[in-house]
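These notes concern the structure reproduced below.
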Amino acid sequence: MSGRQMAFASTALSYTQPCGPSAAVWPPRTGLSMSTSLETPEVTIVDWDGPNDPENPFNWAKSRKVVINVICLLATLSCNANATALTVAWRVTNPIYGISDETFPNSYWSVTSWTLGGSLFMACLLPLTEDYSLRWGYLISYAGLIVFTIPQAVIHNFAGFLVLRFLAGGCVSMVANCVVGIICDVWGEERSRHLPVSTFITTYLAGTALGPVFGAAILRRLDWTWIIWIQVIFHATLFTLIAILLKETRGSVILRRRAELIQKRTGRPAVAVTDVNSPPAVEILKISLRRPVWMFLTEYVVFTFTMWSAFSVGLVYLFTQSTEIVFTDLYGWTPLSAGYVQSSIAIGMLIAWVVNFYSERVYFASASRNSEEVGVPIPEAHLYVSIFGTFVGVLGGMFIYGWTAYPAVPWIGPAIGLAMVGFGINTIVTAVGHYLTCCYARFAISACGAVGAGENLFASFLPLATMAMYRKLGLHFPSTILGILAIPLGLAPVIMVIRGRQIRAKSPFIVEARYESKDLGVQGLDITEQELRTPPR
């Protein structure tokens, strides 16, 4: 998932917790405590007022959590459609911007700039929203998306249009990652988080796949600018609902506000327990920028899973270019009709979402046969369904998409291939997010950040080669080549299933995260002073 992984992005999981029944919730719910600092004056350390503190988002009513999640997930679906909705309008917009797609898909630069903006914003701004206010980070980012989308309907300068797309993509990545944070802020236990997180990944990916469907439906009846105006109207409506219903969900922010109130009332210094060892925002930003790169270069799991997931997400964006070529050349469809066929990708993703319920059961059932940590699910159990999704979904789907591309074969043949690929992509991205979160615990933000950056890069540049491949190699071989590429990438989860325990034992990040989860019982987003003094390994 770009920006999923993050989500998980993105595109990345922005809030993590160790797996298994021993997982601790964060911030710790240990009650309101008062301690005396080694220095004067005395300092009040503010924590939750017992495990049932009503202000703790984990203790909110289930109906309240569900309403917040549904609205935020609907926003995720519509926001990600913003990435690809205009790809079907290139025949109308190219003359306006003075560009041509005759020899190169120049119109796709609008998507490239959108995904690159997502990468930059996620790396630079997400840590600050997590530290200061997830709610305000979400609302400001969503408002920014609306502000930067409106001028896209009236600007006639291509360079200016790309700048607006860059900024809009950056805002969407922030919105998506804030949604992940909100989900994990209100659902405390790992088992309760599986459904909302899996649903988030599905809506994130499906939104991208449905963008051309949405755009084609509007363009068939209205001027192309209505693709933008309808998005603005929809986003403005959702923004109003979210602003009313969404309260602050980040526990550290709630405790900080409580500490400020106590200090104002008593006149004595007060600090939230989550801020006791909290470093300055600048240091958090430095770590958030350097650690994902370091983990990508030194961690086998992060490197291989980044390539595996990034390639899969890149295919979603590649189909925005290839489906028009295939279905217009084979069946004489209009570009708008070819845009509709991408709904089959979303159908495959929806099927994968249902299958993920089975994957969840397999994962938790694996606890009974875990000899490494008795009673704790085996991390590699997250990967079983994704292996099937890689070799049957992505590999098989790309072969069907390529080799049913004959005029004598009904259009449903390639569409089935697309649905199979959509199924595989969803299982892969879901497995990567869950597995990295489970293994890396508090380092999962950085691990998923590396994956999210890779996904954005593949989404930015892989589709730019689509026209050249399908025009020079025909309709069959490009899909075959892409399918074959899934084989070595799909070996990553197979190797982890076979040798996962040994590989995890050699990772200093996984070993340290496991040690802290077991012996300290603390998990969250705080970065200690020792960590700041120690360079990333």
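Cβ from N, Cα, C; glycine included.
Listed in TrEMBL for this protein:
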type	residues	note
TRANSMEM	66-88	transmembrane segment
TRANSMEM	108-129	transmembrane segment
TRANSMEM	136-155	transmembrane segment
TRANSMEM	161-183	transmembrane segment
TRANSMEM	195-218	transmembrane segment
TRANSMEM	224-246	transmembrane segment
TRANSMEM	293-319	transmembrane segment
TRANSMEM	339-360	transmembrane segment
TRANSMEM	381-403	transmembrane segment
TRANSMEM	415-436	transmembrane segment
TRANSMEM	443-465	transmembrane segment
TRANSMEM	477-498	transmembrane segment
Recorded stretch, among 66-88, 108-129, 293-319, 339-360, 477-498, maximising Cβ pairs under 8 Å relative to the transmembrane segment (415-436):
339-360
Considering the transmembrane segment (293-319), which listed stretch of 66-88, 108-129, 136-155, 477-498 counts the most C-beta pairs under 8 Å:
477-498
For the transmembrane segment (477-498), give me same-chain residues lying six or more residues beyond its boundaries with a C-beta closer than 8 angstroms to one of its C-beta atoms, as numbers and ranges.
301, 304-305, 307-308, 311, 315, 318, 322, 380, 383-384, 386-387, 390-391, 394-399, 401-403, 405, 417, 431, 435, 466, 469-470
Chain residues in Cβ proximity to the transmembrane segment (136-155) (below 8 Å; excluding those fewer than six residues from its ends, i.e. six or more beyond):
72, 75, 79, 82, 125-126, 128-130, 161, 164-165, 167-168, 170-172, 174-175, 178-179, 182, 225, 228-229, 231-232, 235-236, 238-239, 242-243, 246
